[in-house]
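Annotation source TrEMBL lists active site at 10, 137. Here TrEMBL flags 95, 96, 97, 98, 99, 100, 101, 102, 103, 104, 105 as ATP binding site. Residues or ranges marked as domain 'GHMP kinase N-terminal' by TrEMBL: 67-145. The feature domain 'GHMP kinase C-terminal' is assigned by TrEMBL to 204-276.
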Ligand SMILES: C[C@@](CO)(OP(=O)(O)O)[C@H](O)COP(=O)(O)OP(=O)(O)OC[C@H]1O[C@@H](n2ccc(N)nc2=O)[C@H](O)[C@@H]1O
Ligand SMILES: Nc1ncnc2c1ncn2[C@@H]1O[C@H](COP(=O)(O)OP(=O)(O)O)[C@@H](O)[C@H]1O
């Protein structure tokens, strides 16, 4: 018997970043939106904990105990005093190290898959606690939809979304390290008063009413200058998407994936084709939001 869980990627429609905290993390007002690009994690009983991965970026995914899926299985097993005897297979479609929380998705997916496989019936609260231990973005991968994350981004409040938003994601060559991007944010804001992060009421309203034009005007990512500073070529990708008719463009989280909000599915296909033709990205993916959180299949 095995259990397969499907987990979405995310885009941050607002990422407000505060000053560095004494523990090295940054307080955030992180407005997450789950998008319809998915990884699938399959858990199968095994003697020991092993991980395999398939997909176009599979060679960039660590298969040892640093893989977030493996860490999730270990944490869950330790909490219940059992051995993590499981094989985890990741069918990876979310770009790796791209600012779309693919590793977090696999952590949340493995947690839910192992919980079902081992018949543990953990409460939502217990699962969310383990998710927060795995990483700041992991709780959102479990819940999906849209949510405001405060603290490190791990303390979530669900947000209403009143319609379907259409996106294009331009996948860059290579990844960006999340700690490096936060480090560059610190460097760029040195000597500057960094305001307390707060969610934008205009943005929350645009989500609630499903108004893509209003959302386009409110998209904001405080990590964007840092990501562009570390990867200056992103500026050309952002321009190529807006010139092709996107309503708005921004870096997804810590990047280097760039996100383009578009009017409808037809515009998405046109912007994706123009981005690929521009030669400023490796590939372009079309997706919609919101998407459901981690879900057991079958
Ligand atoms: C930037 C964001 C936006 O959603 O995601 P990505 O775009 O990378 O996917 C997140 O804040 C990334 O969350 P996640 O990738 O889970 O980070 P963690 O594993 O918790 O932390 C990795 C490192 O990022 C930095 N970090 C992370 C979260 C936070 N609120 N402040 C930080 O300074 C710290 O240097 C930390 O050591
Ligand atoms: N299951 C996983 N999938 C992808 N990357 C993982 C995984 N587990 C650990 N990692 C590590 O996490 C890093 C960040 O990957 P990822 O979560 O895809 O990007 P991001 O944090 O930008 O959203 C990778 O470079 C990789 O070393």
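Keep in mind that glycine also has a Cβ here, set from the backbone N, Cα and C atoms.
Remember, predicted model here, so these are calculated numbers, not experimental data.
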Do you know which of the recorded positions 10, 99, 101, 103 end up with C-beta under 6 Å from ligand 1?
-> 99, 101
Please go through the recorded positions 10, 103, 137 one by one and keep those whose C-beta falls under 6 A from any atom of ligand 2; give the result in sequence order.
-> 103
Binding-site residues (99, 103), the one with most neighbouring Cβ atoms at 10 Å | 99
Which ones, of the binding-site residues 95, 101, 103, have a Cα no more than 10 Å from the Cα of residue 10 (active site)?
-> 101
Near residue 105 (ATP binding site), which residues of its own chain have a C-beta under 8 A away, given they sit six or more steps off in sequence?
-> 7, 8, 9, 38, 39, 94, 141, 294
Cα-Cα separation of residue 101 (ATP binding site) and residue 137 (active site), in Å?
-> 7
Which same-chain residues, if any, lie at least 6 apart from residue 97 (ATP binding site) yet have Cβ under 8 Å of it = 60, 174, 175, 176, 177
List the other residues in this chain whose Cβ sits within 8 Å of the Cβ centroid of the ATP site residues 95, 96, 97, 98, 99, 100, 101, 102, 103, 104, 105, in sequence order.
-> 9, 94, 257
If one looks at the chain holding residue 137 (active site), which residues at least 6 apart in sequence have a CB under 8 angstroms from its CB?
-> 10, 32, 101, 104, 149, 153, 154
Looking only at the domain 'GHMP kinase C-terminal' (204-276), mean pLDDT returns 98
Where residue 137 (active site) sits in the secondary structure, as DSSP reduces it to three classes = coil
Around residue 10 (active site), how many other C-beta atoms are within 10 angstroms of its C-beta?
-> 29
Residue distribution over DSSP helix, strand and coil in the domain 'GHMP kinase N-terminal' (67-145) | 46 helix, 7 strand, 26 coil
